[in-house]
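J.: The transmembrane segment annotation in TrEMBL covers 6-27, 39-60, 66-85, 97-115, 135-166, 186-206, 226-248, 282-300, 312-331, 352-370. Here TrEMBL flags 57-383 as domain 'Citrate transporter-like'.
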Amino acid sequence: MRLTKTNVQWLGMILGPLCAFIAYLLLPETYKDSEGVSVMFTHAGRATTALAVWIAIWWMTEAISIYATALLPLAVLPMTGAMPIRQAASPYASELVYLFMGGFILALAMQRWGLHRRFALSALRLVGTQPQRLIGGFMVVTAILSMWVSNTATTIMMLPIALSVIELARKKGVERPDPNDNFTPCLLLGIAYAASIGGVGTLIGTPPNLFLASYIKDNLGQEISFVRWMGVGVPLVVVFLPLVWLFMTRVIFPVRRHGIEVKDAITAEAYQDLGPMSRGEWAVLFVFLATVFAWIFRPLLAQIEIAGVRPLGGMTDSGIAIMAALALFVIPVDVKDRVFVIDWGTAKQLPWEVLVLFGGGLSLAAAIRVNGVGEYLGNQVGGLAGIP
């Protein structure tokens, strides 16, 4: 029988809870740590491990929506007694969830008024017409946008611009049926890779960044601020982006070096259609720059004293993000018609499912930490430390 995606999903739906139950039965009640001391592995720890197996199988097979699967900790942990409902639910409202929410709303405001497209086209006009430089320009713009907007949204935004350039390249003879002409695959894959690389640059670039920051804060007691993350993330982007560009344009998909009249086409057909910057664009740009400024200089702003009081002493990255989001709801674009930079109709497009997914991962991580699962798993793989 052919194993189709549907069959895999049905199989995963059955194997998820079944393997979780078997894992719970097979897990020991006690184990020896690295020093040979007997340690009790509680019911809560075994139940949490079994839940992790269940979630992993459903996520891998997509038995149900991965976002619905993220709700399992909220149901299973309290039911099995592995964690009280308050502890299981609190990670879904983690401060990092609100940091991501504020970033999403800011990104939606950019998309509503077209600021991201203006930025992209403005940057591409400066690149030139040589195909390798053009691909590099697309990758740089994509990476920069992806640092602030989700990887998926950035890719979707850049795709129509890239397709119009590809069509123009075909008309100019750059992309022909010749298999040696790799402009199209190189450009499209370059955008995809650049979005992933750029997402590493900031704390809100992609959800895994916040997962790591939350784990370090909960387990090591160290808070990773927006600036501290950028101190590591931005250099990684600066290093890996040109390396990927060179590898793609010179090794995997070598492209021709003669130019095409892309710059004029973009100016005539796309950039001029945008017209002058609207009030909405100016407002979004102001809020965006103010938000980045506050994130970068938060430690200094927190030290400001007025009459012996530090009004910004409790400022956090999440608080800054939410204040930015609220500012977008408050700043008017058209006072007469009560049009604001963003309204709830636009904000409803926020990917709430990603926030649920993020909360589910944090809830499971909290249970793993509290119930000693991390220590048990670390002890089991500790014997591999001596293997070269």
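Even glycines carry a Cβ here, placed using N, Cα and C.
Those TrEMBL annotations? Automatic predictions, nothing curated.
Note that the structure is predicted; figures quoted are calculated from it, not measured.
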J.: Any residues 6+ beyond the ends of the transmembrane segment (226-248) with a Cβ under 8 Å from its own?
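T.: Apart from its flanks, the transmembrane segment (226-248) reaches 135-136, 139-140, 143, 147, 186, 189-190, 193-194, 197-198, 200-203, 205, 209, 213, 295-296, 298-299, 317.
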J.: Are the transmembrane segment (97-115) and the transmembrane segment (352-370) close, by which I mean at least 3 Cβ pairs under 8 Å that are 6+ residues apart in sequence?
T.: yes
J.: Of the listed stretches (6-27, 39-60, 66-85, 135-166, 282-300), which one yields the highest count of Cβ-Cβ distances below 8 Å with the transmembrane segment (352-370)?
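T.: Ranked by Cβ pairs under 8 Å, first place goes to 66-85.
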J.: Residues sitting near the transmembrane segment (39-60): Cβ under 8 Å, six or more positions beyond its termini, same chain?
T.: 12-13, 15-17, 19-21, 23-24, 27-33, 66, 69-70, 72-73, 76-77, 80-83, 360, 364, 367-368, 370-373, 375-377, 379
J.: Given a Cβ distance threshold of under 8 angstroms, which distant residues of the chain, six or more beyond its ends, lie next to the transmembrane segment (135-166)?
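T.: Contacts with the transmembrane segment (135-166): 103-104, 106-107, 110-111, 116-117, 119-121, 123-124, 126-128, 175, 183-184, 186-188, 190-199, 201-202, 204-206, 237, 241-242, 244-245, 248-249, 255, 262, 265-266, 269-270, 288, 351, 354.
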J.: If we call contact 3 or more Cβ pairs under 8 Å (sequence gap 6 or more), are the transmembrane segment (282-300) and the transmembrane segment (312-331) touching?
T.: yes
J.: Under an 8 Å Cβ to Cβ limit, what residues of the same chain, 6 or more beyond the ends of the transmembrane segment (312-331), are close to it?
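T.: Non-local partners: 95-96, 98-103, 105-106, 109, 203-204, 225-226, 283-284, 287-288, 290-291, 294-295, 298, 301-304, 340-344, 347.
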